[in-house]
Amino acid sequence: MSNVQRSFQRKGRFGEYGGQYIPETLMNEIINLEKAYNHYKDDPDFVAELDGLLKNYAGRPSMLYYAEKMSADLGGAKIYLKREDMNHTGSHKINNVLGQALLAKRMGKTRIIAETGAGQHGVAAATAAALLGLECEIFMGKEDTDRQRLNVYRMELLGAKVNAVTSGTQTLKDAVNETMREWVGRVQDTHYVLGSVMGPHPFPTIVRDFQSVISKEARSQILEREGKLPAAVVACVGGGSNAIGMFYNFIPDATVKLIGCEAAGHGVDTPKHAATIAKGSVGIFHGMKSYFCQNDEGQIAPVYSISAGLDYPGIGPEHAHLHDTGRAQYVPVSDEAAVSAFEYLARTEGIICAIESAHALAHARILAPQIGKDENIIICLSGRGDKDVSAIAKYRGETINE
Amino acid sequence: MSNINKAFQQKDPSGKPRSAFIGFLTGGDPSMEKSEEFVLEMIRAGADLVEIGVPFSDPIAEGPVIQEANIRALSAGATVEKLFGLVKSLRSKTDVPLVFLTYLNPVFHYGYDPFFKRARDAGLDGIIIPDLPFEEQPEVRESASKYGVDIISLIAPTSEARIKEIAKAATGYIYLVSSMGVTGVRSEIKTDLGSIIAALRETTKIPVAVGFGIHTPAQAAEIGKIADGVIVGSAIVKIIAEHGADAGNHVYEYVRRMKIAVAGE
């Protein structure tokens, strides 16, 4: 084995997971991206510009809100909500997108492309592109463009071109395939702003670093408010970007339980779910080795969730590693439990959250009563729920004219 | 060392080396029996090596033509095991080198050692894995070489400084990607293939075959002049998509024309 092979072999790994399983055409670009990132992440000008945008444009730090009524109602641990839904564009996605768009600009790129499921990442990417003067194209499964029409229109208002992907299952997985295909064809002037902690190295690390601001803030906010660390932090998991952001700075705190909530759809014993850790197995796809929902032949399975953002057959490699080592725990949450939690939070605290985030809330409703009143837990409210109102209504058998 | 070298030892009547023609189809589209027939038609028309695509649910390096062939093959019940059966059956009828093109996940799922053992037993000569770049090859290299199956390395117009490193470790032949993007026919190929091939020649004696986008006899003749082999995939798969079970004769006629162009006859 040559030295080059040896030095690259374990790069970008979390345990056995991660890696760079992508077409040769992208390899040089991925290597350049890693070099650029390693340079700019410590570059004072870059860091200052990103911090400025996060503070003055995205609206950070996001609030750590004490959900007093919910805490009293559940009768256990004090519940705090990390309000990523209050960010500009309405979700945690803006943290990563501002970072990557700035990086793309520094690399001399004039165009960004991105995949999106529910549209939160697409809206964030279109927003950053508008702000920074980059051309922007978004790839979204045809089925998702139908169930998230409002976000499609929002992206178009922001000047992005939205491509409805008609191949495969016409959802997030296929949007990723199509964005990769587009990137292979135009790697010279285009950066792929990957939306989650997935894909080939260095994306899982870059996205995690940009999202780790969530736990950085939450950790100091909770210490200031409660004088102690939380008993648990809870976040929903599709690819897992808000979850890794919520977990990251708590990983060294052994007493803090890290809990990821994945989409169980109609139930993990039915074929209609997206519960990768509960039902998946190790595989290699979308540039990474991780857990995937797949069949005996290694064909990627069609997955399902009421939430377009969680409707993904894989999970980021760092999560796979946190699962294997037992540092984090992953629990499946059904559509029904998520919808109930969505309605519960609206009535109890006056907050309409994303259906993705409602998966985390649903588990917190079970968890909080098991924990003493002198403890606290933090739930990442990854996004706001405007986009989901009509889907919830439909689930409950009502029709809304949008 | 596999059988692959044989494909690149073609000579014209004056004894001058000439370029090989490599055909591709997706295994199991529209059925295993028809794939066997089409491969044999390609060989009868003069194909020097045949690449057989193992269908995958999400072939990210392929354009629409091959994507759809993958879906058709999977819908018709193609499995890795049946693909090995196809190779085994072909092997009893021809000694033309046969190579799989597969994404890594089906191989990983089968298990690297069992996969390559089965490949050797079936008579497969090599494997192309579009989502396994050089840096990740150590993962399968040991199993593949234990069972004498060549891993065909890809080189792209963007490979730049990595060309030499990849070439040094290459086995079988080098698959030079003609242009950016996914598979599919292209009206023209603008990449300076000559200078990439020259850089490769400085490092390795392994044959260089060019693929992606080639579909006309004129393109094939042009590339045949500078490369050791010309790979044609989407154009053949398109013929199979159009004519289905009756594609045999059309595949033969097309490959015959392309082979003549490549050979410069």
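Cβ from N, Cα, C; glycine included.
Where the annotation comes from TrEMBL, it is an automatic prediction and has not been curated.
Feature annotations, courtesy of TrEMBL:
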| type | residues | note |
| --- | --- | --- |
| ACT_SITE | B:GLU51 | active site, proton acceptor |
| ACT_SITE | B:GLU62 | active site, proton acceptor |
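Just so you know, the Cβ of B:GLU51 (active site, proton acceptor) picks up 27 other Cβ atoms within 10 Å once every protein chain is counted. When secondary structure is read from DSSP and collapsed to three states, B:GLU51 (active site, proton acceptor) falls in the strand class.
Long-range Cβ proximity for B:GLU62 (active site, proton acceptor), meaning a same-chain Cβ under 8 A and a gap of 6 or more residues, is found for B:ASN70, B:VAL182, B:THR183, B:GLY184.
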